[in-house]
């Protein structure tokens with residue numbers, strides 16, 4: 001009997017998801033496969049989310065403010081010093097030597113350039129201090145809502161580590177504008193288009209990227225002010241570069257008569273600073289115009305490249321679900337009023353928890369709720 005018992009094959013270890021008592025921290029959501037579903041390596045399995053047992057966790061005492069505190073940041077200091085240097089060299093050197101600062105053309109150019117510089121500084125400050133949009137601590141997706149179905153697609157599974165139940169889920173976009181995801185680092189659910197920033201160590205709504213030059217994430221709440229800042233920065237740099245070239249070509253004989261002019265150093269530094277800035281900011285502006293016209297973020301663009309590759313392998317056509325046309329996408333980011341596109345308004349962006357897609361009707365409804 002012992003020999004027969006030892007020779008019998010042991011049953012395969014079952015996968016058990018342990019639950020914790022309600023006194024512990026909120027447990028991670030359990031995702032179980034559907035019944036009578038056989039799994040094989042490489043197959044995509046639709047998993048049914050099971051809400052955690054027990055009452056919902058108490059809300060954390062985190063103020064949902066639109067501003068944030070900021071300490072010393074070297075990149076931000078460098079940007080502010082560059083803005084100040086370009087402004088003073090443009091107004092008191094380029095304009096003064098070309099038109100004369102007290103002349104009518106000189107005053108007009110000084111006022112216009114000052115206005116552009118003020119808008120540039122204001123939008124830069126807003127993008128630095130404004131919170132990019134944090135996920136509310138009380139956010140809980142409504143799984144039973146038929147109008148907003150939640151699905152989680154299992155993309156990869158390590159079959160050689162079945163005992164650890166290692167499930168790696170990626171942020172796949174569903175056809176109804178939402179998916180059920182849980183952030184292990186923040187210990188709360190996060191809505192569609194939200195991602196965890198490793199620098200800020202929090203989840204950001206509709207996160208585009210983390211910009212070191214503003215020491216902040218570019219997300220749902222501050223994307224428009226960041227976009228407008230780049231627009232005004234490009235205008236200011238091109239304007240200053242035109243005034244620099246014009247002041248050099250205005251009276252070349254006078255420059256030959258003053259070889260030891262103290263302004264030559266300012267011209268050299270300004271040229272070395274303005275030319276790379278014009279190129280870099282123009283490329284950045286063109287990139288974000290492209291993303292805005294397709295209602296994408298930088299993260300979603302890279303995800304879309306992989307999704308397009310997978311769709312082509314399967315003989316399908318990939319389309320971004322949030323792309324509803326150029327005009328609808330522009331009004332989603334910049335607002336429905338065209339006159340306010342150049343202003344840092346934020347009343348049109350909504351909460352950032354839900355976004356309408358190309359499959360939603362009516363098309364004239366608001367994009368975000």
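Note that Cβ sites are derived from N, Cα and C of the backbone, with glycine treated the same way.
Per TrEMBL, the feature compositional bias 'Pro residues' maps to 49-61.
Marked as domain 'Palmitoyltransferase DHHC' by TrEMBL: 179-302.
TrEMBL lists 1-61 with the feature region 'Disordered'.
Same-chain residues lying 6+ beyond the ends of the transmembrane segment (72-95) with a Cβ under 8 Å from its Cβ atoms: 101, 106, 109-110, 113-114, 117, 120-121, 124, 128, 212-215, 236-237, 239-240, 243-244, 246-247, 263, 266-267, 269-270, 273-274, 277. Taken from TrEMBL, the feature transmembrane segment applies to 72-95 (among others).
If you look up TrEMBL, you'll see 107-126 (among others) marked as transmembrane segment.
TrEMBL lists 225-246 (among others) with the feature transmembrane segment.
According to TrEMBL, the feature transmembrane segment maps to 266-287 (among others).
Helix, strand and coil residue tallies for the domain 'Palmitoyltransferase DHHC' (179-302), in that order: 70 helix, 18 strand, 36 coil [DSSP]. The average pLDDT computed over the domain 'Palmitoyltransferase DHHC' (179-302) stands at 88.
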